[in-house]
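**Student:** Copying in the features that Swiss-Prot gives for the protein in this structure:
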type	residues	note
DOMAIN	164-332	domain 'Helicase ATP-binding'
BINDING	Asp177, Glu178, Val179, Gly180, Leu181, Gly182, Lys183, Thr184	ATP binding site
MOTIF	278-281	motif 'DEAH box'
DOMAIN	473-627	domain 'Helicase C-terminal'
Amino acid sequence: MAQQYQPGQRWISDSEAELGLGTVLAQDGRLLTVLYPATGDTRQYALRNAPLTRVRFSPGDSITHFEGWKMTVQEVDDVDGLLVYHGLNGQHEQVTLPETQLSNFIQFRLASDRLFAGQIDPLAWFSLRYHTLEHTSRQLQSSLWGLGGVRAQPIAHQLHIAREVADRIAPRVLLADEVGLGKTIEAGLVIHRQLLSGRASRVLILVPENLQHQWLVEMRRRFNLQVALFDEERFIESDATNPFEDTQLALVALEWLVDDEKAQDALFAAGWDLLVVDEAHHLVWHEDKASAEYSLVEQLAEVIPGVLLLTATPEQLGQDSHFARLRLLDPNRFHDLHAFRAESENYRPVAEAVQELLDKGRLSPKAHETIQGFLGNEGEALLTAVNDGDTEASARLVRELLDRHGTGRVLFRNTRAAVQGFPERKLHAYPLPNPDEYMELPLGEHAELYPEVSFQSQPDVEEEHRWWRFDPRVEWLIDQLKMLKRTKVLVICAHAETAMDLEDALRVRSGIPATVFHEGMNILERDRAAAYFADEEFGAQVLICSEIGSEGRNFQFSHHLVLFDLPSHPDLLEQRIGRLDRIGQKHVIELHVPYLETSPQERLFQWYHEALNAFLNTCPTGNALQHQFGPRLLPLLENADDGEWQALIDEARAERERLEQELHTGRDRLLELNSGGAGEGDALVEDILEQDDQFALPIYMETLFDAFGIDSEDHSENALILKPSEKMLDASFPLGDDEGVTITYDRNQALSREDMQFITWEHPMVQGGMDLVLSGSMGNTAVALIKNKALKPGTVLLELLYVSEVVAPRSLQLGRYLPPAALRCLLDANGNDLSGRVTFETLNDQLESVPRASANKFIQAQRDQLTPRINAGEEKITPRHAERVAEAKRRLAADTDEELARLTALQAVNPTVRDSELVALRTQREQGLAMLDKAALRLEAIRVLVAG
């Protein structure tokens, strides 16, 4: 029968519940007009199938007048199609409230309210809500939360450092891994895990200007962190009172900040939880004076609780510079340089003794005496066991010494020697004749290192005489690419102009499919270029990158690198090779270096190869050698006789070998053990790879996409294209792009195809979609027909989902202890709870949908019977809720008590444990337990099942 509509009646939209209560304005022929006063919206509906539900309250319900006062309904009259409610107000006085005067802002979000208001959802949505609760709970309790969802290969030492640091309250540490070991990824993991856990909510990243873009790409591509890049232009153009307050993550160039006092004032006023400083070894400090950059970072470190400093290794820095970084972290502990030097000297024999134990499995009398003097009498029994060959005692001894390490808690430093998995490098050099066109060029700064730039900058260079038509390196490159057919080749050169010209040359002279990558391209253009290069079937054979353009990118699916020219600094050379030379690279790195004979290019090649050995190995001494020999090197590149040049090469080689020996003897194996995690990181890697192999996420996401009206279609193997459909339910679904996106659940695919979104449980699309499910009301009611021969037709079962809810700051991380897992209750007609015998999935398989109108009619007819049964469900579930809260309190107390005991014992032997850490942990324990005491039981969803 058609609905009877009267002006003034109150109805609610089934599809737009957020509009509040609607008022019927008019019925005109086949159209119905409804006003939603709360939002000011008007809707017109086809009369026959308007998606509306009549709002009808019952005795016992609490309702609100539009002026704000409330009443409890006792009776309901129907006067000419309009409802009039009679009942008691807050002062227990008899009042009358016509439905026309109901509050416009009433929304039916509580499951019971929506059920009895006729807002009944599809079965699929009820299942989606249940599974969302289960998956959310599982992730909040996972030890991988914040570590497993990153677009990077899981690497043991990085994961160990990230978990160790990110799980501290306001961590203050120095990340000083050798080049190529992934300090930026370690910092990103710490930031990501701290943000997800709630330990930090505002992060400030300070970097040198030339690294801003690299950080931006890394944070967005790897961690899905939307970092705001600040410079002078953005700061000035912002309309905000304080531009820094508008962003959660700010990326700022240190050079600009030092020169802009107004920006400094705004930065300090904004307030931050975590400060990250890259290239911290460039902050100059001396006992009598500090640079402006150092002083600024020092002031920030005084007011920001957490600090991460990314820096070169201590051995590269030298002791004084190393001390300068440590005093930024803890000025109370590291306040005296001379005392620090003495402490370091005293500790050196202990580190050497540990080295002996690790190498030989036993201790010499001298090493025994050294460790005994360090540990005192308490270490005697342990040393005796070690000498008796007890391997467990040896491991325990190393842990004891580690705890007493002067900087073991604040300094993490891994070396390539300690971390396995790096590929071998092979060098292929190609001396080529220097063309006359270059020989005739006037000399200038680096003119003969990059002669093509100088040549092309001349006026009136004709198209047919462009540099790439006569430069022998171009002919050589074409021949080399033909020889390496079907092999991916990365070409790097110093300048963007050279990269673009080379792409032209390959297209005109060879037809070899190539793409280019330079700093003039935006991120989307670079993504497309990288994707074209990564495509095995139809992609480019060669990617040509400029120096700056390739920063922050990972091309390790390739293992052939062409250095079309050589950079002027060894650090830049290492960065180039580092695009391919990474942990996880499965092939030998083939380095191809063409250079022009009898030119500065040839001399620079000799410098890097013969003096620095920078092609075949990493060169940790390169910066120091460049600083020492640079003033002599540059003039000799262009003008020197062979004897003078060879003398420089020999002198630099000898100095390099001396410095490398110093580095080796200065290695602190104990510190390396601590930084590497001694096996803990390996376990995390295994857990992440196991999680990657599970199908729970793709299965869940398909149901999420279906529910929200997102179309998915195959793109290629392991990849899908997502697009909003015409029936998209919620425009706020975090798809990322209204035009659609390409996604993959496969980590290896995501690493080679940066244009694809890597979907994990931590991805913003997943988290945002789950938030939409749980924050909305869809799926918290359902009615279904149950087909089960054991049930008498007409039998009504009631399935109730409850959640133990605690309202607390995210920084307390109470979700780890009391996650929102559903407490499920399945009541039969006699009030018995069958949930222990019938699982959710078993029940789900027996259910069929019921037309909405029929379901609504049934609910209204059964309202008086259902209401007391719903109330009885809470009584049934309350003991389980109490057990869950008690268990959460026990686990929280046990975890914090264990950590407090560990840190208290550690503080007795290692002063780098700050009092503030212990105070914060005790406060967190007290607050967490107090909040858990207030945990409440909330009815999350109701499903009514009718046997048929």
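Here the Cβ of each residue, glycine as well, is placed from N, Cα and C on the backbone.
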**Student:** Using a 10 Å radius around its CB, how many other CB atoms surround Glu178 (ATP binding site)?
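**Tutor:** Total other Cβ atoms inside 10 Å, all chains included: 20.
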**Student:** On a count of neighbouring CB atoms within 10 A, which of the binding-site residues Val179, Leu181 is highest?
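**Tutor:** The residue with the densest Cβ neighbourhood is Leu181.
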**Student:** Starting from the ATP site formed by Asp177, Glu178, Val179, Gly180, Leu181, Gly182, Lys183, Thr184, give every other residue of that chain whose CB sits within 8 Å of the mean position of their CB atoms, in sequence order.
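**Tutor:** These residues sit around the ATP site: Glu186, Asn414.
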**Student:** Applying a 10 Å Cβ distance cut-off over all chains shown, what neighbour count does Gly182 (ATP binding site) have?
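**Tutor:** 22, counting other Cβ atoms within 10 Å of Gly182 (ATP binding site).
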**Student:** Which number gives the other C-beta atoms within 10 angstroms of the C-beta of Asp177 (ATP binding site), all protein chains shown included?
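**Tutor:** I count 25 other Cβ atoms within 10 Å of it.
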**Student:** Taking only same-chain residues 6+ apart in sequence, whose CB is under 8 Å from that of Lys183 (ATP binding site), what do you get?
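**Tutor:** Lys183 (ATP binding site) has long-range Cβ partners Leu175, Ala176, Asp177, Leu310.
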**Student:** Name the secondary structure element type, per DSSP in three states, that contains Lys183 (ATP binding site).
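**Tutor:** Note: Lys183 (ATP binding site) is helical by DSSP.
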**Student:** Which numbers of helix, strand and coil residues does DSSP report for the motif 'DEAH box' (278-281)?
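**Tutor:** In the motif 'DEAH box' (278-281), the DSSP-based counts are 2 helix, 0 strand, 2 coil.
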**Student:** Give me the mean pLDDT over the motif 'DEAH box' (278-281), rounded to a whole number.
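**Tutor:** Per the prediction, mean pLDDT sits at 90 for the motif 'DEAH box' (278-281).
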